[in-house]
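*Asks:* Got a structure for you, written out below as structure tokens; questions coming shortly.
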Amino acid sequence: MKGMGAMTCQEWLKAAEQRLNLEGSTTPRLDAEVLLAHVLQVERIRLHMYPERLLSAEEMQQVSRLVERRLHQEPVAYIIESQEFMGFDFHVNPAVLIPRPETELLVEQVVCWLNRKASDKTTGEQLRAKDNDTMITCSLRGADIGTGSGCIAVSLAKLVPEIMMLAVDLSPAALEVAAENIRRHQLTHRVTPLGGDLLAPVASYLENRALPQCGHDGGGSLDFIVSNPPYINEKDMEALSPSVAAFEPETALAGGADGLDYYRRLAAESPRLLCPGGLLALEIGYDQGSAVVRFLEEQGFMEVKCLPDLAGIDRVVMGIRPGAAE
């Protein structure tokens, strides 16, 4: 788009859409609108309200540079450093996986479970907020394992005010992104980022805080554990699209030879941290439903179920830790 003279929003969008389409973008118009709205610092709807608005030379240069990045397969979310999830905006960069719409099913299912659980609880626990030394009442405690951008933990905390979350990731760079999103959404008193491998930092945190256990049969202190772990197998890793393979973090994608490594560990390690009646909820790959269901059942989880997304693809597996629920 070099060498163009003054253009209106409408003219620029048409030209950008055509070029992005020729280069293989599956959403050329959307890409163009998002990039232009980002440069102009307006909502996309305003591009349609004022189609004859002239773009300045500086605006043209800025948005043209962004289009060039998109033409090299860089995801739009990384270019504008933002992605919407569950109706909330999240900061993202190449240190974290870009939140996908499919993951919203996991959040929605956990929210439904939490709302039922919260209504059943008659007492809350007073927990001291570290950032402002105020007291809040949280009746439910949970952990998001492999939090990445923190979109799952933050969304759950925004949607269910009765919960307190631990957001865990092995990557320090990813944890910085999660911490920023926690701050942006003013949840530092209810969502705590933790660095470490899967459930190990959760166990240490709970032990150091000396939080009471929920049951008398060796149960832990958490009401729920949620995770969208890396689940792509070695064969499928080789077939990833260029925009994913070249830009998104491999550690957030690769799940071992069969893609199931993290599910085996989560199924085995979760029971000691979950309350009796506690929930383990996992996002899964398209062909992993039966295997993950089996892992949970082998570890004694009850009411294990596999749920499809809107496209009819297996997407979420949920199970309940055995024992009397509170």
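Glycine is treated like the rest: Cβ placed from N, Cα and C.
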*Asks:* Which of ASN115, ASN208, ASN228 shares the S-adenosyl-L-methionine site with GLY146, THR147, GLY148, SER149, GLY150, ASP169 per TrEMBL?
*Replies:* ASN228
*Asks:* Which binding-site residues (GLY146, GLY148, SER149, ASP169) fall within 10 Å of TYR231 (substrate binding site) by Cα distance?
*Replies:* none
*Asks:* For the recorded substrate site, whose residues are ASN228, PRO229, PRO230, TYR231, find every other residue on that chain with a C-beta no more than 8 angstroms from the centre of their C-beta atoms, and list them by sequence position.
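*Replies:* Here the non-site neighbours turn out to be GLY146, SER227, ALA252, LEU253, GLY255, TYR262, GLU283.
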*Asks:* Do you see any of the binding-site residues SER149, GLY150, ASP169 whose C-alpha is within 10 Å of PRO230 (substrate binding site), and which ones?
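*Replies:* Near PRO230 (substrate binding site) by Cα: none of them.
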*Asks:* Per-residue pLDDT averaged over the domain 'Release factor glutamine methyltransferase N-terminal' (11-80) comes to what?
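*Replies:* That stretch averages a pLDDT of 96.
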*Asks:* Near ASN228 (S-adenosyl-L-methionine binding site), which residues of its chain come within a Cβ-Cβ distance under 8 Å, counting only those 6 or more away in sequence?
*Replies:* THR103, LEU106, GLY146, GLY148, ILE152, LEU282, GLU283
*Asks:* Fill in the CA-CA distance, ASP169 (S-adenosyl-L-methionine binding site) to PRO229 (substrate binding site), as an integer in Å.
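*Replies:* Cα to Cα, ASP169 (S-adenosyl-L-methionine binding site) and PRO229 (substrate binding site) are separated by 10 Å.
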